[in-house]
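Written out below as structure tokens is the structure these notes cover.
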Amino acid sequence: SGSQDLEPSSGLVTDAIADSESEDDEDLDVPIPSRFDRRVSVCAETYNPDEEEEDTDPRVIHPKTDQQRCRLQEACKDILLFKNLDQEQLSQVLDAMFERTVKVDEHVIDQRDDGDNFYVIERGTYDILVTKDNQTRSVGQYDNHGSFGELALMY
């Protein structure tokens with residue numbers, strides 16, 4: 001398993017709250033099922049969202065111009081994580097976002113680093129690099145749109 005190094009060719013990336021760890025499909029070892037294997041149980045406490053205490057943390061708001069807000073909203077409109085948000089929820093997400101300009105060859109996230117932001121690409125080309133066995137290879141590219149670092153939103 002490995003994280004991705006994201007190295008822009010050029011561009012602008014927008015942060016909102018993350019880290020990017022993606023599993024390399026070649027690393028997955030799927031055991032062959034045996035009829036003699038024991039069944040594994042999973043237990044968890046019941047969760048009732050109505051019983052959850054209200055969030056008392058202060059809301060994070062980064063000031064931005066109307067133009068910046070429109071650009072952020074446009075960059076986020078096709079991101080699956082945000083598709084089912086109502087206008088108020090999306091507004092809160094946009095409030096928490098801030099812009100970050102990225103220079104050519106700057107690493108946005110490095111493999112094995114703790115990520116602390118979720119990134120939304122407004123423009124630019126970003127290479128996704130993975131290092132395995134001391135060899136770095138390109139496994140993908142973002143071109144003028146996309147997002148990465150979803151795991152940071154969970155923590």
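Positions of Cβ are set from backbone N, Cα and C atoms, glycine also.
If you check Swiss-Prot, you get these features:
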type: BINDING; residues: 82-155; note: 3',5'-cyclic AMP binding site
type: MOD_RES; residues: S20; note: phosphoserine
type: MOD_RES; residues: S22; note: phosphoserine
type: MOD_RES; residues: S41; note: phosphoserine
type: REGION; residues: 1-34; note: region 'Disordered'
type: REGION; residues: 1-81; note: region 'Dimerization and phosphorylation'
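Summarising the environment of K132 (3',5'-cyclic AMP binding site), the number of other Cβ atoms within 10 Å of its Cβ, over all protein chains shown, is 14. Y142 (3',5'-cyclic AMP binding site) carries a strand DSSP state (E or B).
Of all the binding-site residues listed here (F82, Q92, R112, E122, Y142), the one with the fewest other CB atoms within 10 A of its own CB is R112. Secondary structure at R112 (3',5'-cyclic AMP binding site), taken from DSSP and collapsed to helix, strand or coil, is coil. In the three-state DSSP scheme, E122 (3',5'-cyclic AMP binding site) is classed as strand.
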